[in-house]
Amino acid sequence: MVPVIALVGRPNVGKSTLFNRLTKTRDAIVAEYAGLTRDRQYGEAKWQGRTYIVIDTGGISGDEEGIDAKMAEQSLQAIEEADAVLFMVDSRAGMTAADQLIAEHLRKRNKRSFLVANKVDTVDPDIARAEFSPLGLGDALPIAAAHGRGINAMLEAALGIFPRDDEGEEGEGEAEVVAEGEEPKRVPGPSEKDGIKIAIIGRPNVGKSTLVNRMLGEERVIVYDQAGTTRDSIYIPFERDEDKYTLIDTAGVRRRGKIFEAVEKFSVVKTLQAIQDANVVIFVMDAREGVVEHDLNLLGFVLETGRALVIALNKWDGMEPGQRDYVKIELERRLMFADFADIHFISALHGTGVGHLYKSVQAAFQSAVTRWPTSRLTRILEDAVQEHQPPLVNGRRIKLRYAHLGGANPPLIVIHGNQVEAVPKAYTRYLENTYRRVLKLVGTPIRIEYKGGDNPYEGKKNSLTERQVNKKRRLMSHHKKAEKKRRDKKR
């Protein structure tokens, strides 16, 4: 499971600077859910091939209202959700009363905490360690977040306590080579044992719990329910029509005898972890409310992680025909960026349309993990280029030579050629749509990566042989004589 790291500390100690450095915010998946997260900011980060989630909390001043009152706003929940805490202090300002209150709270919560002394670029690290040793959280890890100093050592300490998942998900990452002439194939992964892992996500009160109960209803064969390693998330294997699935529930469903009691409990961390761990995401929206901003935020995270997607519009049965038409128009307008996903209009309460979700889940999963030979992908590229050539760059045509599969879940197609760094985004979208249409991909994002061929002669001066030099001299002499004869003739 993806580790969760919370950044905690009083105001202006550099939490946001460290957050931006860890997540590389320009490229990172950063989601801010106002009103739901109480101003906490969540981001996905990677270090040495490991993925983890970072929570940037608000500053804690420790004023007369007390540490608990302040932390209840945002930081207390972040600490509870986190696997480990990076407690940041300011080396320049030294230890304060607020630092002592926060350290005391962390010790009481018995959380895995690492003391991080920021801004050591102008302070001796040994002095900083001695300054904060009374906090009782071990030796401080000295860093300079603004300049990136000490970050690797800090991450080594914080992430080293978690087991490395070296196995990963089969079907992800680098794809194995499919021999020329072979048919596309799907390679069995861990999901063959536990079934396709489905995460049902969405805003609070859109009907996630009702849908979970409906999918695990009396007509289904429930094998067992087992608490996962994530806080309050439950992994529930079940079968339907002899197909195996594992439902990742983030709504707090608990089994009591034959009754599943649903407790609506929204947690951004649980949602993000469920998305990361799933093969397919069923995204639930409330048809009566249409598409709202929080839906777009969550959908954006799903697309960035590359997970296969099925959209379910719940509470459809109670709507008038005019309302339904309006919602469909809004969906088409606002969800253009996810137009590859199947949309189902359902009633989780009455079961209407729920059974059709499984067909889309299967299709999305197959599209996400199927592998194609290089010959097929290259032929599709050649046909696409012949139909619509890439633009000219400085008078030279961009050349796309061949394509191969670079990964799956989501499919990654690597295209080799010349001047590929100049390929416009519009042309990349054209290629994505072409591959999606020809390969009949549904329910999964598709990614295209370009690789250019290095010019072995770049930066090298061409040296001529003696024979070539003599030939060049003769040609130049001949050219001069011909030019002189032409001028004399004009006179």
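Heads up, residue numbers simply count up from 1 along the chain you see.
Each residue, glycine too, has its Cβ placed from N, Cα and C.
In the three-state DSSP scheme, Gly9 (GTP 1 binding site) is classed as coil. If you look up Swiss-Prot, you'll see 9-16, 56-60, 118-121 marked as GTP 1 binding site, on the strength of sequence analysis.
Following the DSSP three-state reduction, the secondary structure of Lys208 (GTP 2 binding site) is helix. Here Swiss-Prot flags 202-209, 249-253, 314-317 as GTP 2 binding site.
Annotation source Swiss-Prot lists compositional bias 'Acidic residues' at 166-181.
What Swiss-Prot lists as compositional bias 'Basic and acidic residues' is 182-191 (among others).
Look at Swiss-Prot and you will find 452-464 (among others) tagged as compositional bias 'Basic and acidic residues'.
Secondary structure of the compositional bias 'Basic residues' (470-491) per DSSP, as helix, strand and coil residue counts: 21 helix, 0 strand, 1 coil. The compositional bias 'Basic residues' annotation in Swiss-Prot covers 470-491.
If you look up Swiss-Prot, you'll see 3-166 marked as domain 'EngA-type G 1'.
What Swiss-Prot records for 196-369 is domain 'EngA-type G 2'.
The annotation domain 'KH-like' is assigned in Swiss-Prot to 370-454. Using DSSP to sort the residues of the domain 'KH-like' (370-454) gives these counts of helix, strand and coil: 31 helix, 28 strand, 26 coil.
Taken from Swiss-Prot, the feature region 'Disordered' covers 164-191 (among others).
The region 'Disordered' annotation in Swiss-Prot covers 452-491 (among others).
Across the binding-site residues listed here (Asn12, Thr57, Asn205), the residue whose Cβ sits among the most other Cβ atoms within 10 Å is Thr57. Checked against Lys208 (GTP 2 binding site) by C-alpha proximity, the binding-site residues Gly9, Asn12, Lys15, Thr57, Val120 yield Thr57 as the nearest. Val120 (GTP 1 binding site) carries a helical DSSP state (H, G or I). For the compositional bias 'Basic residues' (470-491), the list of distant contacts is 464: same-chain residues at least six beyond its ends, Cβ to Cβ under 8 Å. Gly9 (GTP 1 binding site) and Trp316 (GTP 2 binding site) are 46 Å apart (CA-CA, integer value).
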